Structure formats: C-alpha cells, structure tokens
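Notes follow the structure.
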Amino acid sequence: MHIVVVGLSHRTAPVEVREKLSIPDQSITKSLKALKAFSEVLEVSILSTCNRLEIYALVKDKNTGISSIKEFISDYSGIIFEDLNPHLFCFRQEDAVLHLMKVSAGLDSLVLGEGQILSQVKKMMRLGQENQSTGPILNRLLTQSVSTGKKVRSETNLGTGAVSISSAAVELAQLKIGQEKGFDTLVSLESEKVLVVGAGRMSRLLITHLKAKGCHKLILVNRNIDRALNLAIDFPDIEIVCKGLNELDENISISSLVFTSTASEEPIIDLAKIEKLNLNNKLKFIDIGVPRNISNDVKNHQFVKSFDVDDLQEVVSRNQEFRQKIAKEAESLVEEERIIFLEWWASLEAVPVINKLRSDLELIRKEELQKALSRMGPDFSARERKVVEALTKGIINKILHTPVTKLRSPQSREERQASLKIVEKLFSLVDEDKNS
C-alpha cells in the first residue's frame, strides 16, 4: 500500500486553472464516490480551497493509483490531460506525509502561517469520515497533521500576527490606492466608498480588516439579505448598509472599492455589466473568490482596475522575510511529527504476524485448558474455572508482550522484516510449501 497526493496549488497553477478545479462542499460526496470507484484506491480524502486542490489517497499501486486520480481531475475539470498535467504535482509515501503536515502547519500557504488552512484540513478529515472514504491510515495521518498544525502554532511564533487572504486583500487595496497617490505605503481607506459582495466567512474577515484600516462605512450585498443583516449585527462600530443581489449594479456605480467573495461558480460581474453602468469614476475590484466572481474582461474597461487572489503575492512578499525565519523552526517540528507517523505506519507491517501468533497461541491455550478442566472433575467450581482461565490468558499476554513490543518498535524495514521472518519460522506461522 502507498500513500500518495496528487494536486495543484498557487505554486503550480494560475487562478484561471485553479477555479476549474474547485470542488464545493456539496460536490465532495459525489467526488469521493467517483474516486473510491477506482479499484486501486483504498482510502481517499479531498482538500479544496481557493489556492489548492489536493487529493490524498491510500492506493494499492502508486503508479496506477496516481494515474486514476489524474484521470478523475481531468474529467472533473474538463481540461484535457495534456494541458492539465504540467500544473499537477505528485508526492509519494514519506513526501506525501510531509506535504500534508506542512500544509496543515501553514508552511505551504500563499500567506505563510495563515490559520484558515488548519480548519480546512479539519473539514477535509470530517468529510472523509462522514462519507466513509477514509480508513485507519488516512484517519491517523489527518489526525496527526491537524495536531501538527496546532503544535506549530502553539510552540512557534509562525501564527502570531499572521495575515490571511482577507487581510492581504485589504492591504492590496491600501497599496494600490497609495501608489495612485504617489506613495509606496499602505494608506487609510477612510475616504473610500467600499462595497463588499458576499456574507460568508471571508467577507466577515474582510470587514474586520477594513475596520482596522480606517473604513467606517460600507455597503454589504448578498443574495440572502437576512444573512447580510446577521453579519452586520456583529459590527456595531461600522455603518453597514445591507442590500440584495438584485441591487448590485446600482451599488457598484456609487462605489470606489469593491471586494467580492461569494460561492458562485460563475462570474457575477463582467464587462457587459460594467459598461451598462456608464462609469465616470475610477473603480477597483479585488476578487478573492475561487472560482472568480469577476470576469477577466472587466480589466478592459478604462476606469476599472481588477485584481484576483494571484495578485495578492505583491502584498504577501512584503511580509514574508520575517516569517521565513520562523518557518525554519516550524519545519523542524513538522519533521519530528513526520517521523512519528512513519514509524507507526511501518509498525503495521508486523500486525498480520502478531495477529497470527496470538491466534495460534490462543488456540493452544484453549485446547490445553479444556484438557486440564476435563480432568478436574465435577468438584471444580465455576469460579475456579474462571480463575484458571484468567491465569492462562495472563500467561499468554506476558509471553507475547516483549516480542510484540519489539516488532512494533522503531527500526529499519530490513530489521523488522528479518525479525518477522524469524518469528514466522520459529512458530511455524507460514506454510513452508508457499515459502519454498
């Protein structure tokens, strides 16, 4: 069996490719079933975020398993394999384990150390378990990866003051507005007419950071206006005017800065819509939705500047130098956790031999106990029988304790295999004809 991961991320694919591979929560169950339908795939889990799609699997054969996963990704995205493959990465065994732990720790994020990825890995684990697509191996790996993410954040300063996608989006707005004014600094957003489209978690974070950067008033547009109103209640210090999606156009026309973060799988704003507004003022769009909420053709409008998640790199790179130093410490913790998992996984090789040995000894125990009890006669009470039974079980457990502990202990694969062969030979656990 082999652990593999196949996927793509902000490091390997631009947003126009990533958005075609975004798997929304409501499609996870169907996707997991499709992956489990491949005979090579034993366990599988999907991590889908705005910056990555990664499929982790336990497969019988690594090459066939990886090919099956790539086939699924190509079919799902509608991108022919030849165009898709250059954007895909594959990690196997130890490298796959290390990658997931680094992802969970925020070490592979666009925004180094960001915290949201940890909750996304938790969700991946939960969805895999709910759909019964994961088993003992991936469940153990996912659980330990989540623990690793928590450990990195509690034992290092990587998560301290870490920026998120939302905060980077707000900083990008500050930077671009400042550059228009001749500054290379982050300016206040106090004078901007701000519109936020969407009322989910990312929009909540956007409003939090907008408030911190000088915004005291904004318009919040959402398809479900009740959800927008509920979000606005949590920000009593900001004047938030809530509107339905049917009022989006008129509110774009009176705004200078628009943030979009909705779950729409198709753009909700395109050039045709903007041209109908007859804009005569400069307008900036910052779209952190994946799939994108704003069509790429909007950039062709003379008064519009549009940015997406890939443009956040300009802001992120300004903050990364300090975090890179802390990341070294975090990487050493991740490596420790990787070794712990691999030692546990390697020890599973001994389980069939241990189970066979225990089963054979249990059979002997029962046979010999039955012989002894049959000689004790009717005067031997039920209580005494229970005592003798417990005694024989205790003896077997004591005999097994040391060899089982040794077989499961950390050691090289060669050492463990040699020990297993000795045990199999000494206790006749294998058919000699099959071994010859």
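Cβ coordinates are placed from backbone N, Cα and C, and glycine is handled just like the others.
Record features (Swiss-Prot):
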ACT_SITE  CYS50  active site, nucleophile
BINDING   THR49, CYS50, ASN51, ARG52, SER109, GLU114, GLY115, GLN116, GLN120  substrate binding site
BINDING   GLY198, ALA199, GLY200, ARG201, MET202, SER203  NADP(+) binding site
SITE      HIS99  site 'Important for activity'
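Feature map: annotations from Swiss-Prot on the structure.
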| residue | record | CB count, 10 Å |
| --- | --- | --- |
| THR49 | substrate binding site | 22 |
| CYS50 | active site, nucleophile | 22 |
| ASN51 | substrate binding site | 23 |
| HIS99 | site 'Important for activity' | 20 |
| SER109 | substrate binding site | 23 |
| GLN120 | substrate binding site | 17 |
| GLY198 | NADP(+) binding site | 27 |
| ALA199 | NADP(+) binding site | 25 |
| GLY200 | NADP(+) binding site | 15 |
| MET202 | NADP(+) binding site | 23 |
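If you take the Cα of GLY200 (NADP(+) binding site) and the Cα of SER109 (substrate binding site), they are about 21 angstrom apart, rounded to a whole number.
Other residues of the chain with a Cβ within 8 Å of the Cβ centroid of GLY198, ALA199, GLY200, ARG201, MET202, SER203, the NADP(+) site, are ARG204, LEU205, LEU206, LEU231, SER261, THR262. Ranked by Cβ neighbours within 10 A across all protein chains shown, the binding-site residues GLY115, ARG201, SER203 are led by SER203. When Cα-Cα distances from THR49 (substrate binding site) are compared across the binding-site residues GLY198, MET202, SER203, the shortest belongs to MET202. Put simply, MET202 is the one of the binding-site residues ALA199, MET202, SER203 whose Cα lies nearest to the Cα of GLY115 (substrate binding site). The substrate site is set by THR49, CYS50, ASN51, ARG52, SER109, GLU114, GLY115, GLN116, GLN120; from the centre of their CB atoms, other residues of the chain with a CB within 8 Å are LEU110, VAL111, ILE117, ILE165.
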